[in-house]
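S.K.: Pulled from Swiss-Prot, these are the listed features:
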REGION    1-45  region 'Disordered'
LIPID     Gly2  N-myristoyl glycine
COMPBIAS  22-35  compositional bias 'Low complexity'
DOMAIN    78-113  domain 'EF-hand 1'
BINDING   Asp91, Asp93, Asp95, Tyr97, Glu102  Ca(2+) 1 binding site
DOMAIN    129-146  domain 'EF-hand 2'
DOMAIN    152-187  domain 'EF-hand 3'
BINDING   Asp165, Asn167, Asp169, Arg171, Glu176  Ca(2+) 2 binding site
DOMAIN    189-220  domain 'EF-hand 4'
BINDING   Asp202, Asn204, Asp206, Glu213  Ca(2+) 3 binding site
Amino acid sequence: MGNCAKRPWRRGPKDPLQWLGSPPRGSCPSPSSSPKEQGDPAPGVQGYSVLNSLVGPACIFLRPSIAATQLDRELRPEEIEELQVAFQEFDRDRDGYIGCRELGACMRTLGYMPTEMELIEISQQISGGKVDFEDFVELMGPKLLAETADMIGVRELRDAFREFDTNGDGRISVGELRAALKALLGERLSQREVDEILQDVDLNGDGLVDFEEFVRMMSR
């Protein structure tokens, strides 16, 4: 596939929101929302909705009117670096490749939410079941250009994750989740509701939320 140095990708500027400041715009719910205020959502939706609203400041929105005029500019060095950071986040064995299974989550950290069909089609085009960084840039370049809203950057997601992971062990425990929710929502959530939120987000059932589960939660 092509060389990113020879064919730099382009996309529009980003406008980050302030941490827990003014009400978020676009698709991110207000931090003041609670499950009780949203009726009786389907199982699994409530936890994602509450945590997603709390991490609303991690959402980065592209202004469509500006993006439309910026599609022809070259991708800046810091934007190439952002791709590198996202890639390295999921290159766990540091061999310079990420597998098809990690590719979807990696794409989500950059704000692109691939469908299952898209992931299947991509996996069929990947030789050897894995991609290197050059292939990743080749793949994500056009998608980053096409995105005009709801962009979530890996650095912002990592910063938001650290707000919950207070002991820095790379996982969010029940206690850490309870403390974060209490600090942000006061006493509006019961112990049972906190446990239900953790259960909804904890995909592998180990009682903890790791960064990949956190990314998937933010993609819902």
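Counting begins at 1 with the first residue displayed.
Glycine is no exception: its Cβ is also placed from the backbone N, Cα and C atoms.
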S.K.: Please count the residues of the domain 'EF-hand 4' (189-220) that DSSP assigns to helix (H, G, I), strand (E, B) and coil.
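M.R.: DSSP composition of the domain 'EF-hand 4' (189-220): 20 helix, 2 strand, 10 coil.
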S.K.: Specify all same-chain residues, apart from the site residues Asp165, Asn167, Asp169, Arg171, Glu176, whose Cβ lies within 8 angstroms of the center of the Cβ atoms of the Ca(2+) 2 site, ordered by sequence.
M.R.: Phe164, Thr166, Gly168, Gly170, Ile172, Ser173, Leu208
S.K.: If you count other Cβ atoms within 10 Å of each one's Cβ, which of the binding-site residues Asp91, Asp93 has the most?
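M.R.: That would be Asp91, with the highest Cβ count within 10 Å.
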S.K.: Asp206 (Ca(2+) 3 binding site) to Arg171 (Ca(2+) 2 binding site): how many Å between their Cα atoms?
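M.R.: With distance taken Cα to Cα, Arg171 (Ca(2+) 2 binding site) is 11 Å from Asp206 (Ca(2+) 3 binding site).
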S.K.: Sorted by position, what residues of the same chain at least six away from Tyr97 (Ca(2+) 1 binding site) have a C-beta under 8 A from it?
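M.R.: In sequence order, Asp91, Lys130, Val131, Asp132 meet the Cβ cut-off.
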S.K.: Go ahead and report the DSSP secondary structure tallies for the domain 'EF-hand 1' (78-113): helix first, then strand, then coil.
M.R.: 23 helix, 3 strand, 10 coil
S.K.: Helix, strand or coil for Arg171 (Ca(2+) 2 binding site)? Use DSSP.
M.R.: strand
S.K.: Return the count of C-beta atoms lying within 10 angstroms of the C-beta of Asn204 (Ca(2+) 3 binding site), excluding that atom itself.
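M.R.: Other Cβ atoms within 10 Å of Asn204 (Ca(2+) 3 binding site): 10.
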S.K.: Under DSSP, is Glu176 (Ca(2+) 2 binding site) part of a helix or a strand, or is it coil?
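M.R.: Looking at the DSSP assignment, Glu176 (Ca(2+) 2 binding site) belongs to a helix.
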S.K.: Across the domain 'EF-hand 4' (189-220), what does the pLDDT come to on average, as a whole number?
M.R.: 78
S.K.: Between Asn204 (Ca(2+) 3 binding site) and Asn167 (Ca(2+) 2 binding site), how many Å separate their Cα atoms?
M.R.: 21
S.K.: For Asp202 (Ca(2+) 3 binding site) and Glu102 (Ca(2+) 1 binding site), determine the Cα separation and express it in whole Å.
M.R.: 17
S.K.: Of Asp93, Asp95, Glu102, Glu213, which is closest to Asp169 (Ca(2+) 2 binding site) if I measure between C-alpha atoms? They're all binding-site residues.
M.R.: Glu213
